[in-house]
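Chemist: Below is the structure I would like to discuss, written out as C-alpha cells.
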C-alpha cells in the first residue's frame, strides 16, 4: 500500500513540476528530387543561401526562392533524400572551419578533412558567403608578390591584393605557373590556398606530393572538389577557399589563393541553375554568372592600414578553347580582374616555357608594386620584344632585312632564350635583375643563340659564387636606380665573364 502511495506521489509531483516547452520548427516536404537538387514546399520563410536539414541529417542550401517551391541543392548523395522527406529550416548559413590548423591539410568544399589526418577543431568557423571589403577598407596595391618567374616579375608584375588571371588552352602550363608562385612564397610569410575545381584526384595528389617535397605544404591549404564530386560542392569550393583566406587576411597576413579553374566552376553553376529551372542565357549560362565571379574575386583585396593591412592575392585560372579569349566566361573574368597572363599553345609547343604571349598579357596595377631597380632593369624589355614580334611577322614573307633589322631579330631570339625557365626553379629578385641587365645593356649580342642556356646557367652560378661580384650585387638598393659608377663596375665584371665564356674558359 505504501508503495502505491509513493508512486502516486511521484506522479503527482512530476505533473505539478511539468514545464511544457514548445519547439517551433519551420518544416516542409520534398516534392521532387533528382540530380542533386530537391524542390521543397512549405518553408516559405527560408532565406537565400540558408542551410536546411533533411530527415537523415543531410544538409542542403536554399538557392532558389519561388512563391510555391524552394530549390535546394543537396550536399550529399541524392540517394539519401526521397520524395516526401521532411525538411527543416536551420536559420543559419553555411560556414567552414578556418584557422592555422588548416595549414598543410587537404579538405573538401565543406571543410571536412580528406587527407586521412587528424580531425579539425570546429570551434572556429566562418561563413562561406561574406561581403567583399568596402572601398574605404582598401588601399592601393603597393607591395609586390614575387612569383620567381622572370617573364612575369619583369613584364606582368603582380602586387599583393591584385587579381591576375592566368588564361590559355589546356596543357599550356597554367597550373605550373600557379604552383611555382606557391613554391616561391617559401620564407616570405605568405599563406597559400589552392582550390582545385573539377580536377582529377590523381593530378591534385601529384601537386600535394610536390608541395610536400619542396617544403611548401606547411604554409598551404588545398581544397579539393574533384571531377567526381557533385556540382554543388564544385560550386561552393572557391567561396570556401575565399573564406579560409579572409580569416588570415583579417589577421594582418598576406595570402595567395589559386582558383584552378573557374571555367569548371562556371560549368558547375550552369548545371545547378538549369536543374533549378532558371532561364538560360548566352551559352546556356545563367544571367548572374558574371555576378558569381565578380563577387568571388572582389573578396581579394589589399586592406587599409586601419584594417590591419592584410591582403589576398588571387590567381584565377581560365581554360580557353583553341585560344578563343572572346568567349563568354573568358571575357567576363578578364573584365573583372586586374590583368591577365595569356599562355599560347604554339609557344608552348615550340619549347618556349613559360609560354606567355607578351602582346596579350598585361598587369594593370602590379607595376606600382615593382621596386625601382626592377622597373629600371626591365624598362626596355617590352619594347625590344614588341619590335622583334613586328619584324618577325614581316620576315615570314621572305623580305630582305637590313643589318639593323637582323640585329633586332637576333636579339629578340636571344631574349626569348633568356626568358625560358624550368618549372620548380624560381629565381630570386637579385638573379632576375642581373639577367635583365644583360638584356638592357645589349650584352647578349656577343653570345650565340644556341649557347644562351649554358651561359645563363653559368652566369647565375657566377653571380652566387664569385665573392667580389656577389658583394657588389648584394649592395644594390632595390628602391633606387643603379648609380653610374656602380653600374660601370658591374658591367665590367659581366663583360669579362662573357669574354671568358666565349673563349671556353667557363665551365
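Cβ coordinates are placed from backbone N, Cα and C, and glycine is handled just like the others.
As the structure is a computational prediction, the values presented were derived from the model and not from experiment.
In case it helps, Swiss-Prot gives these features for our protein:
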BINDING   168, 169, 170, 171, 172, 173, 174, 175  ATP binding site
SITE      361  site 'Required for activity'
Chemist: Which residue among the binding-site residues 172, 175 has the fewest other Cβ atoms within 10 Å of its Cβ, if you could check?
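Modeler: Looking at the binding-site residues 172, 175, the Cβ with the fewest others within 10 Å is that of 175.
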Chemist: Within a 10 Å radius around the Cβ, which one of these binding-site residues has the most neighbouring Cβ atoms: 170, 174?
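Modeler: Compared across 170, 174, the most Cβ atoms within 10 Å surround 174.
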Chemist: Setting 168, 169, 170, 171, 172, 173, 174, 175 aside, what same-chain residues sit with their Cβ within 8 Å of the center of the Cβ atoms that define the ATP site, listed in sequence order?
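Modeler: Near the ATP site, beyond 168, 169, 170, 171, 172, 173, 174, 175, sit 319, 343, 345, 348.
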Chemist: Look up residue 174 (ATP binding site) in the DSSP assignment and reduce it to helix, strand or coil.
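Modeler: DSSP assigns residue 174 (ATP binding site) to helix.
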Chemist: Can you check which residue among the binding-site residues 168, 173 has the largest number of Cβ atoms within 10 Å of its own?
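Modeler: Output for this query is 168.
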Chemist: If you count Cβ atoms within 10 Å of each one, which of the recorded positions 171, 361 comes out on top?
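Modeler: Top count of Cβ atoms within 10 Å goes to 361.
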Chemist: Using C-alpha atoms only, work out the spacing between residue 168 (ATP binding site) and residue 361 (site 'Required for activity') and round it to an integer in Å.
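Modeler: About 11 Å separates the two Cα atoms.
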Chemist: So if I draw a 10 Å sphere around the Cβ of residue 169 (ATP binding site), how many other Cβ atoms end up inside it?
Modeler: 18
Chemist: Pop the Cα-Cα gap between residue 170 (ATP binding site) and residue 361 (site 'Required for activity') into the table, whole Å please.
Modeler: 17
